[in-house]
Ligand SMILES: NC(=O)c1ccc[n+]([C@@H]2O[C@H](COP(=O)([O-])OP(=O)(O)OC[C@H]3O[C@@H](n4cnc5c(N)ncnc54)[C@H](O)[C@@H]3O)[C@@H](O)[C@H]2O)c1
Ligand SMILES: [Zn+2]
């Protein structure tokens with residue numbers, strides 16, 4: 001390949017990766033690989049200025065512009081940051097600054113938050129616009145979405161803020177929320193987000209602000225711009241911003257020497273693993289704004305700042321064996337069991353191998369030494385084999401289902417193998433039951449994965465329809481279940497008979513029919529008989545339904561076992577047709593009461609609380625007034641609502657107390673902590 005071809009190839013690749021990363025929020029290579037390619041291109045362009053091109057990815061900020069939003073020009077260009085993984089390059093940065101400034105200077109060290117950059121404009125203390133970085137010159141106007149983020153002030157506190165200024169920061173998705181979203185996506189067989197940054201950027205570009213609000217984004221701020229800023233020092237401006245109500249991290253330090261800078265870097269290399277959100281390095285900024293001006297910028301980066309990025313943490317350990325897990329739709333996933341090793345603050349015992357192709361590409365043997373990495377992703381993965389144990393035979397991907405022995409099959413064009421024995425393969429049956437009873441499906445609370453396992457072992461349930469023949473007397477005999485929980489289970493099963501058709505359809509667990517698809521199908525076909533009779537052609541004419549889904553629906557209903565299952569469920573009284581919006585009254589406990597909801601909830605979603613209020617005879621209202629009976633508060637309730645409630649002497653009730661009041665249970669706690677997957 002000639003040098004020119006090499007340059008062109010790298011440019012094309014980098015453009016493509018930028019697009020996948022910023023627009024699709026779905027990168028296929030690691031950041032480190034991306035940065036290496038970028039450095040390689042920079043080196044080639046430097047050595048061969050004759051092939052320079054102003055459109056090269058080395059000269060431009062990667063663009064996140066999409067066609068769905070209004071475009072807004074930035075007042076000041078929004079640049080990227082030069083980055084390095086090496087401490088000696090930081091010394092170079094320091095030396096260059098001393099040479100160019102030729103006077104003393106301070107460096108402010110901050111965390112490099114791994115989210116999406118955002119620019120906010122404030123006028124007279126009010127948020128007037130929020131814009132993404134876009135291509136650095138223009139960005140997407142995402143004001144409505146940003147306004148759903150509770151920690152971003154819509155009105156500033158105090159009075160010493162400039163009339164007009166811009167503040168920049170990072171929109172983040174906390175690890176906890178990231179885990180929950182991915183667990184939900186996994187259940188619905190939607191592609192998982194690789195890391196919180198991709199999830200945050202995907203969220204910010206959603207068209208429905210209500211959906212954005214549900215994702216519980218957060219925001220940290222790290223730079224102020226404008227004509228009349230309070231101070232010439234970046235550090236002081238950030239402290240001011242904090243006093244006006246912005247979230248500014250306490251992990252910020254003024255340094256006079258490189259020594260202090262390295263201290264900060266080394267300290268946070270370990271400590272950052274304890275933070276509730278992702279970070280990928282440290283940012284160094286010259287403190288004085290006057291000195292920043294003197295140093296200026298390139299087309300892509302300021303010369304007064306640089307990012308030091310931490311290497312993804314890696315470790316070497318021994319492969320003990322490979323386990324093959326069967327999911328509820330029969331898909332088989334190879335998982336590596338490893339000798340436990342400490343990595344990025346947690347003990348790692350397992351790593352995913354995704355599918356047969358990925359697994360066989362490593363040619364693994366029991367006793368191999370493998371290099372594992374935990375980068376932006378929380379699920380560790382195998383990077384390479386560092387020592388091959390040839391004493392042992394290469395581990396092959398299985399041909400028979402590890403649970404039921406059926407021959408596995410592979411769908412044309414897909415990487416995964418699956419067990420076709422839907423009707424009697426235990427992990428599939430159990431998985432289907434767990435899916436059926438889950439919160440977003442039939443919401444049969446009181447039964448968790450362990451109880452399903454127990455019921456299954458005792459042969460009380462073998463498939464989902466058996467749930468409806470369970471008798472309290474059978475349950476009470478099981479160890480671990482008290483009278484109260486048996487009652488709750490029976491009540492939840494009974495209540496599930498009024499769950500609307502679209503959720504029943506989702507609950508059936510038809511391959512590729514997630515929550516959204518189920519809704520689209522329910523509204524298009526109105527009832528299960530019409531859906532069961534339909535053809536792939538009719539199905540494909542429905543919005544959001546592609547050929548793959550259509551095929552899957554048709555083959556589901558062609559199966560006699562599924563036909564019988566649906567018939568049975570119909571007899572038990574489940575909803576198999578769209579209903580006009582009517583509420584089934586469960587009690588009149590809340591009769592005559594007007595309730596306002598505020599905050600973030602743990603046990604049920606806001607929408608579920610709204611329907612619970614209606615089901616118990618109450619009325620939900622959006623604003624507090626003298627008519628309000630009480631305020632149902634979750635975590636971080638809106639401050640204005642709280643103040644108003646207090647001033648009117650209106651009682652505030654927590655979600656647990658509320659659930660007790662109406663006699664509903666708390667169900668499975670949906671929010672789980674980091675690291676529960678592996
Ligand atoms: N894997 C891929 O395919 C792929 C593709 C494109 C880009 N990338 C990654 O993204 C990087 C480029 O992205 P980028 O231009 O957003 O740069 P960046 O993320 O490396 O650094 C710049 C950004 O850092 C953020 N930031 C966080 N904390 C900050 C702080 N305290 N002060 C100032 N800024 C702070 C800002 O949003 C700023 O825009 C690449 O280096 C690469 O690692 C990866
Ligand atoms: Zn099987």
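Yeah, the Cβs are placed from backbone N, Cα and C, and that goes for glycine too.
TrEMBL annotations: computationally assigned, not manually curated.
The Cβ of residue 33 (NAD(+) binding site) has 12 other Cβ atoms within 10 Å, all protein chains considered. According to DSSP, residue 33 (NAD(+) binding site) is assigned to a helical segment. Taken from TrEMBL, the feature NAD(+) binding site covers 31, 32, 33, 34, 35, 80, 81, 110, 133, 170, 285, 309.
Annotated active site, N6-AMP-lysine intermediate per TrEMBL: 112, in sequence order. With a cut-off of 8 Å between CB atoms and residues at least 6 apart in sequence, the same chain places 279, 280, 281, 282, 283, 307, 308, 309 near residue 112 (active site, N6-AMP-lysine intermediate), listed in sequence order.
Per TrEMBL, Zn(2+) binding site is recorded for 401, 404, 419, 425. Around the Cβ of residue 425 (Zn(2+) binding site), the same chain contributes 326, 330, 401, 403, 404, 406, 419, each under 8 angstroms and 6 or more positions distant in sequence.
Per TrEMBL, the feature domain 'BRCT' maps to 585-655.
Sequence-distant contacts (6 or more apart, same chain, Cβ under 8 Å) of residue 133 (NAD(+) binding site) comprise 61, 64, 78, 116, 117, 118, 119, 139. Taken together, the residues of the domain 'BRCT' (585-655) have an average pLDDT of 87. With a cut-off of 6 Å between Cβ and the nearest atom of ligand 2, the binding-site residues 81, 419, 425 reduce to 419, 425. Remark: residue 81 (NAD(+) binding site) has 283, 301, 302, 305, 306, 307 as non-local neighbours, by Cβ distance under 8 Å and separation of at least 6 in sequence.
Proximity of the binding-site residues 404, 419, 425 to ligand 1, judged by a Cβ distance under 6 angstroms to any of its atoms, singles out none of them. DSSP places the residues of the domain 'BRCT' (585-655) in helix, strand and coil in these numbers: 20 helix, 18 strand, 33 coil. Among the residues 31, 32, 33, 34, 35, 80, 81, 110, 133, 170, 285, 309 said to bind NAD(+), no two Cα atoms are farther apart than 25 Å.
Under 8 Å, Cβ to Cβ, and six or more positions away along its own chain, residue 285 (NAD(+) binding site) finds 107, 108, 110, 223, 234, 292, 304, 305.
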